[in-house]
Amino acid sequence: MRIGYGYDVHGLVPGRKLVLGGVTIPYDRGLAGHSDADVLLHALADALLGAAALGDIGHYFPPGDPRYKDADSMLLLREVYRHVQTAGYRLANADATITAQEPRLAPYIDAMRERIAAALGVTKEQISVKATTTEGLGFTGRGEGISAQAVVLLLDREAGAGL
């Protein structure tokens, strides 16, 4: 068993789509970044890599590399999980929290869980996504950006289905 933690943050800017957990969310701004800047998937990717001691997302997808300009982070997450599986692990479960003052994310959480589960080839019950605010405090509270944190539990791939 191995545990990993990931964190990501991006600023909100006009003229970009807001993509979280692979779901496009209607909003007047989106997240700044080289790829689609999906903070939830980036935090999840870092948690997966960390649990397997495989480095971080920037090692695999350097922010200045033109191949990843506006890249779909769901594809990056799938690639990360292939590395994790090659290292001999499989996902037991993931738990993630998005911190954003706006927009309201509750209506999109189920779709995020479904997209992430499908990308990783696991059940929706293995993926938890929550959203919270900072009650107006800090950069997320002022609406300057969105952050996400994720924790994963990996099991040896050869281990039985139960924990």
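A Cβ is built for glycine as well, from the same backbone N, Cα and C atoms used for every other residue.
These come from Swiss-Prot:
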- Asp8, Val9, His10, His34, Ser35, Asp56, Ile57, Gly58, Thr132, Thr133, Thr134, Glu135, Phe139, Arg142: 4-CDP-2-C-methyl-D-erythritol 2-phosphate binding site (BINDING)
- Asp8, His10, His42: divalent metal cation binding site (BINDING)
- His34: site 'Transition state stabilizer' (SITE)
- Thr133: site 'Transition state stabilizer' (SITE)
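By neighbour count, meaning other C-beta atoms within 10 Å, the densest spot among the recorded positions Ser35, Thr132, Thr133, Thr134 is Ser35. Candidates His34, His42, Thr133 (recorded positions) were compared with Ile57 (4-CDP-2-C-methyl-D-erythritol 2-phosphate binding site); those inside 10 Å Cα-Cα are His42. Within the set of recorded positions (His10, His34, His42), the lowest number of other Cβ atoms found within 10 Å of a Cβ is recorded at His34. The number of other Cβ atoms within 10 Å of the Cβ belonging to Phe139 (4-CDP-2-C-methyl-D-erythritol 2-phosphate binding site), over all protein chains shown, comes to 16. The separation of Phe139 (4-CDP-2-C-methyl-D-erythritol 2-phosphate binding site) from Thr133 (site 'Transition state stabilizer'), Cα to Cα, is 11 Å. For Asp8 (4-CDP-2-C-methyl-D-erythritol 2-phosphate binding site), other Cβ atoms within 10 Å of its Cβ number 24. In this structure, the CA atom of His42 (divalent metal cation binding site) is 6 Å away from the CA atom of Asp8 (4-CDP-2-C-methyl-D-erythritol 2-phosphate binding site). Of the recorded residues, His34 (site 'Transition state stabilizer') and Thr132 (4-CDP-2-C-methyl-D-erythritol 2-phosphate binding site) place their C-alpha atoms 25 Å from one another.
In the three-state DSSP assignment, the secondary structure recorded for Thr132 (4-CDP-2-C-methyl-D-erythritol 2-phosphate binding site) is strand.
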